[in-house]
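Here is what TrEMBL records for this protein:
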- 35-54: transmembrane segment (TRANSMEM)
- 74-92: transmembrane segment (TRANSMEM)
- 104-123: transmembrane segment (TRANSMEM)
- 129-146: transmembrane segment (TRANSMEM)
- 158-183: transmembrane segment (TRANSMEM)
- 203-224: transmembrane segment (TRANSMEM)
- 284-303: transmembrane segment (TRANSMEM)
- 315-335: transmembrane segment (TRANSMEM)
- 347-366: transmembrane segment (TRANSMEM)
- 372-396: transmembrane segment (TRANSMEM)
- 408-431: transmembrane segment (TRANSMEM)
Amino acid sequence: MARSSSYSLIPGHQSELSMSYGDEGIGAAKTQGKYWGIFICWLLGNGCLFGFNGMLTIEDYYTYLFPKYHPTRIITLTYQPFVLATTAIFTYHEAKVNTRMRNLAGYVLFFLSSFGVIILDVLSLGGGGIGPFIGVCIIAAALGIADGHVQGGMTGDLSLMCPEFVQSFFAGIAASGAITSALRFFTKAVFENSRDGLRKGAMLFSSISCFFALLCVLLYAFVFPKLPIVKFYRSRAASEGSLTVTADLAAGGIKSQPIPLAEETPVHAERLSNKQLVHQNMDYALDIFLIYILTLSIFPGFLAEDTGSHSLGSWYVLVLIASFNVSDLIGRYLPLIEQIKLTSRKGLLVAVVSRFLLIPAFYFTAKYGDQGWMIMLTALLGLSNGHLTVCVLTEAPKGYKGPEQNALGNLLVLFLLSGIFVGAVSDWLWLIGKGW
């Protein structure tokens, strides 16, 4: 599958960057502030899903309030169409979207949604019923719209930078699940025997979600665009014809130069269409789609409702969710070890398809196995999910120009979220024959 030439082979781009940074300055700019950038990307990924992961992690509170409505499954299913539709719209118009405003709007909406959980609970006095449940679903939809702004926007933006930024962002997404699980253990232990213990824990989660979302707004608006490495990669993307980085460059103190006419510098006009990008990367798109179909068909609905009763009692579901989240986080750091990172396109596809053997494994373990085997399977599900996700998203953009990397990042996130939606719907198949 042919790809466009790497930026380093395009003399026009190199000369423009040399004029801005100097030959020696280019090498320094590509590394200066890199570790700060990696850490900030981790925090931005954390804030991307902390609110929704918080809603999933306090599922025992929502199950207590809304026992008849399958809240774990309904909340996930409500969230998915909105994140998918929002991402699809932005992906279609990706080349003309102001990425800075898109991401900032998403993080602000994360903050407002998390704050809305607190307001709803206060207004309903912690009561159940159809009214508060509809309110929870509306908040889940708002979180989906926010995620549709941020996940694709950030992935596209970071795809035109170094692979470590993409890896760190998606590790941060997984870390949000691990952190919420750890906090849920803490709140359950502290508040379990107190009056309104579940409610107090839920409100603590929402308060922390508000803090993370607000922190992300400030970091993305005022700190991230001023890092030298970020300004370098965005300048390079602008020199290759990208229009999506203009506002970010201005925020970093760099005035974007007008793009030369295509007939003067033909290389600026050479940009593969979305259709061409999908055709060249259909295997990567299929990989990411299938990864999340499988994961969401099991997590969190099946783990929360269909694994029976065990000696861990009410802690059992929390242990399973924590097992998935922690192993998912570990899996997203494993590709940093080059010896075990999957880079073969055929190897990735084989690994992705092989994961579907986990479906009968979970079925028979839930029916005949004990809790130890279920925890082990859940950890394997999370580990493979994280590892394969990062492998796909860091390998696919290699060899493309900045505008194409941005577009490809958006497209892969669209396939990822499509897989999540289909997986969340498939999760209901576990209920066949159970009378609901």
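Glycine too: its Cβ is placed from the backbone N, Cα and C atoms.
Tertiary proximity for the transmembrane segment (347-366) is limited to same-chain residues at least six positions away from its ends with a CB under 8 Å from its CB atoms, namely 283-284, 286-287, 290-291, 294, 297-298, 302, 306-308, 373-374, 377, 380-381, 384, 388, 391-392, 395. The largest share of C-beta pairs under 8 angstroms with the transmembrane segment (104-123) comes from 203-224, of the ranges 35-54, 74-92, 158-183, 203-224, 372-396. Ranked by number of Cβ pairs under 8 Å to the transmembrane segment (129-146), the listed stretches 35-54, 74-92, 158-183, 315-335, 408-431 are led by 74-92. Between the transmembrane segment (158-183) and the transmembrane segment (203-224) there are 3 or more Cβ pairs closer than 8 Å, counting only residues 6 or more apart in sequence, so the two stretches are in contact. Listed by sequence, the residues of this chain that lie at least six past the ends of the transmembrane segment (74-92) yet keep a Cβ under 8 A from its Cβ atoms are 52, 55-56, 62, 102, 136-137, 140-145, 147-149, 151-153, 274, 296, 300-301, 407, 410-411, 413-414, 417-418, 420-421, 424-425, 427-428.
Counting Cβ pairs under 8 Å that are 6 or more residues apart, the transmembrane segment (372-396) and the transmembrane segment (203-224) reach fewer than 3 and are not in contact. Panel annotation: around the transmembrane segment (203-224), residues 37, 40, 43-44, 46-48, 50-51, 54, 57-58, 103-104, 107-108, 110-111, 114-115, 117-118, 121, 176, 180, 183-184, 187, 230, 251 of the same chain, lying at least six beyond its termini, place a Cβ under 8 Å from a Cβ of the stretch.
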